[in-house]
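Take a look at the structure below.
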Amino acid sequence: MSLPRRPGPSPPHEEPRRYRQSGSRRSRPPPADVETGYAPMAGERPSQQQRVPSISSFPETLPSPNPNVERDPLAPTPEPAHPSGIPQRKRSLIRPERNRIGKDHPNYHYRKHAANMNTLPSSTGHDPIYEDLEGATDDVSGTGSRNDDDVSEESPPRRKHSTKMQVIETEKSGDERRRRRKSDTTKHGKIVKASKGKREKSGGLPTPSFWNIYCGFVTFWCPGFVLKCFGMPEMAQQRAWREKMGLISIILLIMGFVGFITFGFTQVVCGKPPLRLRINEVGSGYMIFHGSAYDLTKSHHPPAEGIPRRPDGLGANVIYDLPQHYGGQDGSFLFQNVNGKCKGLITKQENSDVPSDKSGNLAWYFPCNTFNQDGSSKPNTTIPYYLGYACHTTANARDSFYLGLKSSADVYFTWDDIKNSSRNLVVYSGHVLDLDLLHWFNDTQVTYPARFKELRDKNTAGNQAIRGRDITHAFQSSKDKQIAECFEEIIKVGSVDTETVGCIASKVVLYVSLVLILAVVLARFVLALIFQWFISKTYAAAKTSQTSDQRKRNRQIEDWTEDIYRAPPRLPGEVGSSVAGSSDRQSKRSSAFLPTHSRFSTVYGNERGNRKPGLPTTMASQNAAGQLLHPGTIYGQGNESRSSFLKSDAYGSSSSPADGPGPAGFIHEAVVPQPPSDWMPFGFPLAHTICLVTAYSEGEMGVRTTLDSIAMTDYPNSHKVILVICDGIIKGHGEEHSTPDIILGMMKDHTIHPDDVEPFSYVAVATGSKRHNMAKVYTGFYDYGTNSAIPLEKQQRVPMMMVVKCGTPAEASKSKPGNRGKRDSQIILMSFLQKVMFDERMTELEYEMFNGLWKITGISPDFYEIVLMVDADTKVFPDSLTHMISAMVKDPEIMGLCGETKIANKRASWVSAIQVFEYFVSHHLAKAFESVFGGVTCLPGCFCMYRIKAPKGAQNYWVPILANPDVVEHYSENVVDTLHKKNLLLLGEDRYLSTLMLRTFPKRKQVFVPQAVCKTTVPDEFMVLLSQRRRWINSTIHNLMELVLVRDLCGTFCFSMQFIVGIELIGTLVLPAAIAFTFYVVIISIINSPPQIIPLVLLGLILGLPAILVVVTAHSWSYIIWMFIYLLSLPVWNFVLPTYAFWKFDDFSWGDTRKTAGEKSSKGGHGEAEGEFDSSMITMKRWAEFERDRRVRSTYWAGSRDNVISGVGGSNGWGSSQPRGHEQGRHFDDYFSDA
């Protein structure tokens, strides 16, 4: 955050850092330069640095730590002073926090919000310590003085009160600053309006994106008027349809590419390989000539000596019709390649009978006889019938062989054949040469070089050096190369067993894909086991109200999930129960009446030395441990939200002449008292948690069991509060009362009578007139009911708040008034937390929420660190909340987590039965694997937990997580005009929130905690399942498209979460094609032989590993049966549901998932705009301004504050009911409480 820091090294922050100036520079007033972001303000203390808007396009940016810099590092690049061609200074390597950032930067909105917070610089460079401040001057820069008489003697030694004059001066300076901001804002508003008018005047349409051009090209065959005829008259509907067709075309292309790689790539690059016959396996129907096999079974030789004509008049077949059978023999010497490369090397011997011409061409080199293919034939120099018999030297005979016959196969040698010691073989340029054939030379007929003899004789050194090897590289000299090329023509007997480049590439692609898929599958399995056996245990609480025997606990959970209304095996007992005063049966006033401190109690709570070293930091433990720092200082040096809520000046007094009754008016007498900060019933410091329940159309039984399960969790009631947000006044299908009325009946001890609660305005996540919405805030405590199954002695007092979105008066007559969607319900809380943390302007609704939480808990809302999000039809196991908070507290880097969701209606129908194992695998395989890297991509909205803020760096420093402005800003996006945004924000808002968290904080963790369990009912009708999975699949695709672009996730290249996300995205898109290919491979493997082993092995691994996971993780054996049911339903999961979801890309409704009374189906969802938004209907002020107005009104009705104080007695007449815990009793004068 934009806060002063302690000197020395500190861990890196996600937020921008503030660098201190030197003391001399700090003592000088900053220059009045708008570019630097500073400007002196009238009436402002020199120690207070206030930022003013810049004239640049970034009106609110971080100020430069150096006043001499030319401009703000966040401001856009200015135009050159001399546009005459002088080159501008290029970007250089600078600090990350000084980089220029755009709106796409993950921390853009956070830096803007942090830049608006006041910063009090330290004169020493250290955090301000209160004892030092007591003796210091008001002006930390040393330009002013302070009167000790201004400090009240009755105030605690940590407090410092300003005089009345200082308060007036502070208010004047604040008014002056507000006037300046208003003037600057107006100025900027005029600029924006002028530029907007200029754009409208130009009349230019926005340039269509490449995506829109592509979608238009794909759907050119369907013009707009045709779509109007098919029920799509609006441009938004037509655009969504065209984008859907564009996405489907891309999906088909990806499917085609996967199919091509699987089946077609080998056929294209390798083709059908020619027939190849291994040496010594050439059949009797072939003869070998120069390394190629010829099928001569149907050939006929012209009549010749020794080859008579057959009775049918045809020539004899040399394979079968002759006395000597030549089938399977090598006849290379019958058609010798002469007078080529060997000319000049092999010459005629004197007195030779070999015919020749004047050019030295010879008729043959070897005797014209055949030899065996295995090399066992001895040289045969006999000549039957006549000289040149069977040498085929005539042109007719040569043409008949070379032109008339086609080789049927290539004869190949493996390297084992080549290295066979019984043969004398070498390889040259891929051809196998038989050196033993050189023995067939008739020395009386021809002459040849002595080198021939050296190479053919096995006992020579030359032969031993090359036999059985490839001599291509060795025979590169001109003489040796000529000899090798000669051998290639006359003694070639075959070729090496090699493949073409295409076939090699095909195998490379096949095996790389195989290794990649196997690596991913096995890595997911192994790492999921490692998480289950080792990592997950570090997250769990050491002890809870349930059994510590893991096997017994698993059995109890399985029994508990058999029925949605079944009670847990054991209700919370002594372990985890709150301190005295938390039970409904105890006195409501005991905690406020009995003293909790004596004169011997330390003013700072528990001594720091009593705390165990290395304990995690929480809001409660931090404020108790800070002996020197102000207990209320949460964000350091006046930037804490609570103190800024209650004082307009960081060092000013909490009172002013206009003060009236304190915040919230009073604190409920039945508030659960806060235990000591060192009380750790579960072995870790407790953290305050908001249990958010979003309700829509649930019935009484569903809501009752949900709230019962949350109220009866063993986590202390002092540190949890139930917040129910009803999404409109909705009556569920078949219900007598609306959901808000049902939930209101589950509350008691209201702070304000329900009939007196008024609706308050807020800015909803919608467009048009729906952006203005109204809601009512009901606060009190949870009522278990008169007929509750929970024993009275077990019922604990749990504070509860309900926010009912009732809508504006204009929509009171509509079917679903106030309904804005679940995302809007979540934004109500997230925006409220952000404004509490940053002390920003809030709506009337948020102001009432602030006061309501104060009334029923006795603590400020900024004490809450964690939010549990639960749907109103989800039931939580008693110790689940404890396990989840344990993980959050033990590891501050965890920003979100989820538990396991189990199905309570397993046997309702075949539809629910096929989902059991799918839920199991998604948690214990997918989420467990992702948890190893801290990157769970989907935290289910029905049961998950997020961190509101996290401790960072030195003590009293916190950074917003869920309350981060970037998360809130993107999640509250109301301009949903593209198919991508609609699938993200209207259908899968829960998953998109997980994506936003990972995108904003890629270095933090989102994990799965298997010890936390909930149960819910799943669709038991196929059409409802179809509608639900349509939303989930489409949301998954679009969220993975967002997440695959995040480059800062864990890992690098193939060993990264980004790569895994990309694999998941492609796998989701090709699911229909994958299941079709699987069936094809299985059928082909059954029909044809041999079967395709590799695809079958992959299929067995993918389907079989989850079964092994069930066994080794000691889960119920019943999941084996559920697995077989799941395997039988694979066509539904992988073909029917994805295909339907793809075709319904442009359907943004929730379909049949949750029915309401009188609801009509609509494809638009909550994104449909109606009317225009009137912002004047919504009042936004800072909390202090709201509280000042309320106190003025209270003073008007109740009389002056002095009369009230004199009637009660003491310096603080409102302190008789101060809440105990977290040392609030000692610094309660920070709050204007009149409890």
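Here the Cβ of each residue, glycine as well, is placed from N, Cα and C on the backbone.
For the residues Asn442, Asn1034, the entry in Swiss-Prot flags N-linked glycosylation site at a single position: Asn1034.
What Swiss-Prot records as N-linked glycosylation site, among Asn380, Asn639, is residue Asn639. Swiss-Prot assigns Met235 and Ile1087 to topological domains bearing different names, which places them on different sides of the membrane. With a cut-off of 8 Å on Cβ pairs spaced 6 or more residues apart, the transmembrane segment (1066-1086) and the transmembrane segment (1093-1113) reach 3 or more such pairs and are scored as touching.
Here the topological domain 'Cytoplasmic' (1087-1092) has long-range neighbours at 1081, meaning same-chain residues at least 6 beyond its ends whose C-beta is under 8 angstroms from one of its own. Long-range neighbours of Asn1034 (N-linked glycosylation site) (same chain, six or more residues apart, CB within less than 8 Å of its CB): Asn983, Leu987, Gly988, Ala1141, Lys1144, Phe1145. Summed and averaged per residue, pLDDT over the topological domain 'Cytoplasmic' (1087-1092) gives 79. With Cβ pairs under 8 Å as the measure, the transmembrane segment (515-535) is packed most heavily against 1093-1113, out of 213-233, 245-265, 1093-1113. Secondary structure counts, DSSP: the topological domain 'Cytoplasmic' (1087-1092) has 1 helix, 0 strand, 5 coil. Per-class residue totals from DSSP over the topological domain 'Extracellular' (234-244), listed helix then strand then coil: 10 helix, 0 strand, 1 coil. Among residues of the same chain six or more beyond the topological domain 'Extracellular' (234-244), those with a C-beta under 8 A of the stretch's C-beta atoms are 211-212, 215-216, 218-219, 224, 227, 977-980, 982, 1143, 1145-1146, 1148, 1163.
Within the chain, the compositional bias 'Basic and acidic residues' (549-558) has long-range Cβ neighbours (under 8 A, six or more residues past its boundaries) at 568-569, 877, 902, 1013, 1114-1116, 1118.
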